[in-house]
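As recorded in TrEMBL, the features of this protein are as follows:
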- 258-284: compositional bias 'Basic and acidic residues' (COMPBIAS)
- 289-302: compositional bias 'Polar residues' (COMPBIAS)
- 245-322: region 'Disordered' (REGION)
- 10-50: repeat 'WD' (REPEAT)
- 51-92: repeat 'WD' (REPEAT)
- 173-216: repeat 'WD' (REPEAT)
Amino acid sequence: MKKKIDHGALVHHNGTITCLKFHGNRHLISGAEDGLICVWDAKKWECLKSMKAHRGHVTFLSIHPSGKLALSVGTDKTLRTWNLVEGRSAFIKNIKQNAHIVEWSPRGEKYVVVILNKIDVYQLDTASVSGTVTNEKRVSSVRFLSESLLAVAGDEEFVRFFDCDSLVCLSQFKAHENRVKDMFTFETPEHHIIVTASSDGFIKMWKLKEDKGVLPSLLCEVNTNARLTCVAVWLDRVTDTKESLLPAVEPPPVSKQEQSKRNKKESGCEVQEEERQLKPDMKKCGLTGDSNKPTKGSSLLSTKKRKTVEMLEKKKRKKKKI
């Protein structure tokens, strides 16, 4: 995503891909109409494991926060638990209807299974239904905001918030002019954000209030002029600049005066460097002094001495001739 490079295609399934889930940056899990669930290495881009998951289509899957378990639902009317460590089926439950959504809670202590407009809440320790939430219309997307708070969107313009413990609708708000097809939630240091996509073509970002009774406020929106069916959000969590693949930031523009000053400094440094290279090492030449750089006074004295020495040598030569 950072370099905008196409890595290629992963060809293993024989049917349409129905669901994709990443776990961290290393593994990708896919489900398809061929009934297979595949585990991919997202670094080497190779299939690590292929499991025959359902007799029909795989309609949805969800990965436990620990990365050790996964849930899948299919058109064979079963809910299956997968041991991802060993790559095998751990548990099969007949649910008597075709479920189209399954989702783990943030801590993985519970999960929900969606069948049309009903949301069954399961407890992990008992693997049984602890309660059922009923939406007015068919559910299209569910997102856990906390371990007990669930956001629900359906074939309508409203988004509702349910308490998974009391099974009560806490609040609702009108998000779009048409049915909400998908949602995505994430947290920032300041706020809890929910992103909604609708058949009306709009993608909207909402800021949720700490008080559950206060309706969310709209942060921004964009009209894609398309009939949207799903939405995904890329969160850049890289903080180390060494690991970041972003291009180097260009330096800010410099004014002409600053540029001329810099050029003068750079040229002065170059001249000094050349002088240092041209000057012989005074210590090697047997010259001593407090400083390697002679002062103006010392240079004048040395010229006077040289002249007097030359005069004395000339006088000596004349005396020898006489």
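Cβ coordinates come from backbone N, Cα and C, glycine included.
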Tally of DSSP helical, extended and coil residues in the repeat 'WD' (10-50): 0 helix, 24 strand, 17 coil
Three-state composition of the repeat 'WD' (173-216), taking helix and strand from DSSP: 0 helix, 24 strand, 20 coil
DSSP-assigned states of the repeat 'WD' (51-92) in counts, ordered helix, strand, coil: 0 helix, 25 strand, 17 coil
